[in-house]
Amino acid sequence: MLDLVIDARPADLGNGFGVKRILPYRLRRMLGPFIFMDHAGPVQVAPELLPALDVLPHPHIGLSTVSYLFGGQVTHRDSLGVEQIIRPGEVNWMTAGSGIAHSERFEDPATLAGGALEMLQTWVALPTADEESAPAFSNYQPQKLPIFTEPGVWMRLIAGEAFGLRNSVKTHSPLFYLHVVLQAGARFGLPRGYPERGAYVVKGSLEVGGHRYGAGQLLVFTPGLDPVLVAAEATTLMLLGGEPLGERFIWWNFVSSSRERIEQAKADWQAGRIMLPPNDNHEFVPLPQDRTRPAGSGSPPPQALS
């Protein structure tokens with residue numbers, strides 16, 4: 001029923017802001033096309049300390065970043081000149097393709113208006129044919145995202161297709177990504193038709209096959225089986241998965257099916273060939289010092305938040 005249970009590990013973004021890192025994991029590099037997942041917060045921060053959480057401009061290739069907030073807000077700026085305040089319930093999908101740089105800053109005390117800062121960051125690897133696609137950014141408002149409800153169940157489709165629902169979020173390969181809220185005792189299943197499926201417990205706990213799993217755990221399900229998820233208490237989940245893409249190399253913020261392409265991306269960032277955001281270009285994250293290491297094991301950790 002379960003192939004693997006991944007416990008989120010603590011990770012420091014380098015500015016004292018701790019997150020829970022779920023993917024990549026040594027026994028499971030990807031889940032469908034999802035190759036990276038961080039859970040930040042919930043955290044209350046004094047307004048004067050907000051700038052310390054900023055993620056400076058940094059590069060990506062070969063992937064799409066997906067930002068989804070439960071609370072607070074963050075300002076996104078990128079090489080395309082986009083400036084977007086990201087708020088809870090929105091889907092912010094940035095396709096890096098051939099190369100993009102972006103920043104995420106916490107600039108306003110209103111960042112924490114209405115509650116603590118809490119967000120999920122995922123990276124979705126691109127199919128080989130789309131790895132060199134033109135960079136793009138799209139913001140999708142909550143009212144444009146389909147919601148399903150029944151007694152004890154609330155569900156929003158963030159991206160892809162599941163349970164007969166689909167939306168206008170542009171994806172590059174078959175996948176599903178869902179925000180699900182269950183009341184105690186509610187029963188829920190998994191989307192069918194995908195070979196790789198998982199459930200990340202944001203808060204609360206689940207029972208699956210007579211075993212209980214809690215917050216900070218990613219359950220990776222056995223292909224072909226359709227378990228019933230039972231909420232042991234009020235529980236928030238992220239369901240995700242899709243069609244696998246094949247082997248991908250990940251080095252820092254770069255993802256590719258080719259080691260050589262990652263080496264080129266290192267050189268491009270080092271030489272300034274990946275454009276900084278025009279409205280945030282006075283500082284940036286330098287290439288990690290161990291840049292001579294090949295893509296794969298032993299590479300520097302990704303630069304979260306995304």
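Each residue's number is its place along the chain shown, starting with 1.
Note: Cβ is positioned from N, Cα and C throughout, glycine not excepted.
Among the features that TrEMBL reports, domain 'Pirin N-terminal' is placed at 20-124. Summed and averaged per residue, pLDDT over the domain 'Pirin N-terminal' (20-124) gives 90.
According to TrEMBL, the feature Fe cation binding site maps to His58, His60, His102, Glu104. In the three-state DSSP scheme, His102 (Fe cation binding site) is classed as strand.
As annotated by TrEMBL, domain 'Pirin C-terminal' applies to 177-273.
Under the heading region 'Disordered', TrEMBL lists 279-306.
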Quick tally, other C-beta within 10 angstroms, His58, His60; top of the binding-site residues is His60
Residues in the domain 'Pirin N-terminal' (20-124) per DSSP class, helix first, strand next, coil last, are 11 helix, 61 strand, 33 coil
